[in-house]
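A.B. asks: Reproduced below are the annotations present in Swiss-Prot:
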| type | residues | note |
| --- | --- | --- |
| MOD_RES | Thr2 | phosphothreonine |
| MOD_RES | Thr2 | N-acetylthreonine |
| TRANSMEM | 41-61 | transmembrane segment |
| BINDING | His118 | chlorophyll a ChlzD2 binding site |
| TRANSMEM | 125-141 | transmembrane segment |
| BINDING | Gln130, Asn143 | pheophytin a binding site |
| TRANSMEM | 153-166 | transmembrane segment |
| BINDING | His198 | chlorophyll a PD2 binding site |
| TRANSMEM | 208-228 | transmembrane segment |
| BINDING | His215, His269 | Fe cation binding site |
| BINDING | His215, Phe262 | plastoquinone binding site |
| TRANSMEM | 279-295 | transmembrane segment |
Amino acid sequence: MTIAIGKSSEQPKGLFDSMDDWLRRDRFVFVGWSGLLLFPCAYFALGGWLTGTTFVTSWYTHGLASSYLEGCNFLTAAVSTPANSLSHSLLLLWGPEAQGDFTRWCQLGGLWTFVALHGAFGLIGFMLRQFELARSVQLRPYNALAFSGPIAVFVSVFLIYPLGQSGWFFAPSFGVAAIFRFILFFQGFHNWTLNPFHMMGVAGVLGAALLCAIHGATVENTLFEDGDGANTFRAFNPTQAEETYSMVTANRFWSQIFGVAFSNKRWLHFFMLFVPVTGLWMSAIGVVGLALNLRAYDFVSQEIRAAEDPEFETFYTKNILLNEGIRAWMAAQDQPHENLVFPEEVLPRGNAL
């Protein structure tokens, strides 16, 4: 027997290897390399939003109250976009607009760009986190692929759309009522609901909800257990040793209901992935089109005939008039920097006004 005495053959770890060991260590909350992007960005985005909705006014940018301090509640508080005059400035705290003055920076709308940019990179970090963990446990990266849908929508609505317009001012502010205002704006100024990309997005999201409900109900329906004591609530027993979900029974059921049914789990679950993600991506593509002021369907022949014949009206022509009403009422309120003044006689008035 030979005994070798000497130095270990292991090389001392470099900085990268040491960081890799620490970041990817198995712990209660995984950090990973993606965490270097995710955690700081998520912290700053959420912290900026909480700060803005609690303390910061939108008086200087929109002429509005937008914080709890001013009397707003959770539904009406918001971190609002910068003024239109600031165009696409990044509004850095140390930039020429705020010049390091935190109060002035908040008044100018600097928190909005802060939250939007950190939020976007935080979402990207979360997608990378799913990819990194999938690699670590040898899964395929479909979770990360699925999460690209919400990221595409966020980036298109909050970043690309205002970049195509005159400034960040026309992006949505971060708040519940503020998002509703933005939806009304999209309809009135872009006829968004008649846009085929919006239609595909609605089909994707509502179709995904339908698929999710059908799938959950079908799995619950086809859980079975051998023995005499089986009942509905035994299906929730976590101590059952093995899977007792019957794909064959589910296939027979839906074949009788619809005449067609998924024949294997892979195709079924891929379809459940494909429908919502494709819908979200189509919506994002549509918003990029709106950033460039591309129009939705225009049925000009109906508009001309409606203008010539007072008795001719379609749901399309009614919607066009409603959009004109949204624009007339909204523009003066929504864009105070334009100093728009419309005579009373041109404003549409309903019976309740």
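Quick reminder: no glycine exception, Cβ is built from N, Cα and C everywhere.
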A.B. asks: Name the one residue among His118, Gln130, Asn143, His198, Phe262 whose Cα is closest in three-dimensional space to that of His215 (Fe cation binding site); these are the binding-site residues.
C.D. replies: Phe262
A.B. asks: Of the binding-site residues Gln130, Asn143, Phe262, which sits closest to His118 (chlorophyll a ChlzD2 binding site) by Cα distance?
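C.D. replies: Closest candidate to His118 (chlorophyll a ChlzD2 binding site), judged by Cα separation, is Gln130.
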A.B. asks: Where's the emptiest Cβ shell within 10 Å among the binding-site residues Gln130, Asn143?
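C.D. replies: Across Gln130, Asn143, these binding-site residues, the one with fewest Cβ atoms within 10 Å is Asn143.
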A.B. asks: Rank the binding-site residues His118, His198, His269 by how many other Cβ atoms lie within 10 Å of each Cβ and give me the one with the fewest.
C.D. replies: His269
A.B. asks: For His215 (Fe cation binding site), list the number of other Cβ atoms lying within 10 Å of its Cβ atom.
C.D. replies: 16
A.B. asks: For the transmembrane segment (41-61), could you work out the same-chain residues 6 or more beyond its ends whose Cβ comes under 8 Å from its Cβ atoms?
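C.D. replies: Sequence-remote neighbours of the transmembrane segment (41-61) are 67-70, 72, 77-83, 106-109, 111-112, 114-115, 118-119, 121-122, 125-126, 169, 173-175.
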A.B. asks: Any same-chain residues 6+ apart from Phe262 (plastoquinone binding site) with CB under 8 Å of its CB? Would you list them in sequence order, or say none?
C.D. replies: Asn251, Trp254, Leu268, Phe271
A.B. asks: In angstrom units, rounded to an integer, how far apart are the Cα atoms of His198 (chlorophyll a PD2 binding site) and Asn143 (pheophytin a binding site)?
C.D. replies: 24
A.B. asks: Rounded to an integer, what is the Cα-Cα distance in Å between Gln130 (pheophytin a binding site) and His269 (Fe cation binding site)?
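C.D. replies: That comes out at 18 Å between the alpha carbons.
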A.B. asks: Just the number: how many Å between the Cα atoms of Asn143 (pheophytin a binding site) and His269 (Fe cation binding site)?
C.D. replies: 12
